[in-house]
């Protein structure tokens, strides 16, 4: 009788993250692949942050928000991938309820912050292109710090409320989550108590973290396009648009992956499809962001060159 009780206790306190594949022979390859992607993501985003901090020429609003976006991307990826790698390495699928709710909170926080920062960066580009004479005044250091603080408040409060509401849900039966992370929608499918408030909170969080920032981004680029097409010289148009190219690329990748899952008809939804999309916006896009913002940006390439040069001088003196 002791063994069944122990199993029942495990079912009450733990969740199972089923991940991508239950085939043992595929786990080593998946482990190496995701470990490499995770290391590239963290190192790439940290290099962007260090390059911006070390170069005084990059101490501008655009790069201030880019540094915070890079920090958010590194944290967003770190909320789920290390646990997935640990489970692959130990050949375990369990995550404690406390660990699951903590992961849910940080996923909502950094995921929401990612969206809001993209919107703030779009507003920054709007001011730079449409109101260039007022840019230094409109985007003062104090105002940038206030916007960043507002982004943190707007993400932390709903994320905390959503997580606390989730802890009040009663779960029963086999608590297997068909993802590599604690997805809120998948968690609610395991509930055996009323979840109306939780579902309403998911809609609220979606409107706050996804719809509102996307609308602000679209509005900003409509105004930017209107201003750019008013420029008579082709060279001036290209120069104005070139300052927005990296941001537009990241926005299209990020929101394209989200819409590819959540705006599809429910009949096309599957755990495998949603997991692949989650990998796209939780791992691949944060991994690509440093390359997108550095390869097409002369100032970033120069700052990274100076950073590597200082490291070479420090560690390999002549």
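Note that Cβ sites are derived from N, Cα and C of the backbone, with glycine treated the same way.
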Of 4-28, 29-53, which span is tagged transmembrane segment by TrEMBL?
29-53
Quick test of your reading of TrEMBL: among 163-181, 277-295, where does it put transmembrane segment?
277-295
Two-stretch contact, the transmembrane segment (29-53) and the transmembrane segment (277-295), at least three Cβ pairs under 8 Å:
yes
Mean predicted confidence [pLDDT] for the domain 'G-protein coupled receptors family 1 profile' (44-293):
87
Sort out for me which stretch, of 62-81, 200-229, 277-295, has the most Cβ pairs below 8 angstroms to the transmembrane segment (143-161).
200-229
Report, as numbers and ranges, every residue of the chain located at least six residues beyond the transmembrane segment (200-229) whose Cβ falls under 8 Å of a Cβ in that stretch; write 'none' if there are none.
108, 111-112, 115-116, 118-119, 122-123, 125-126, 129-130, 154-155, 158-159, 161-162, 165, 184-185, 188, 237, 240-241, 244, 248, 251, 255, 258, 262
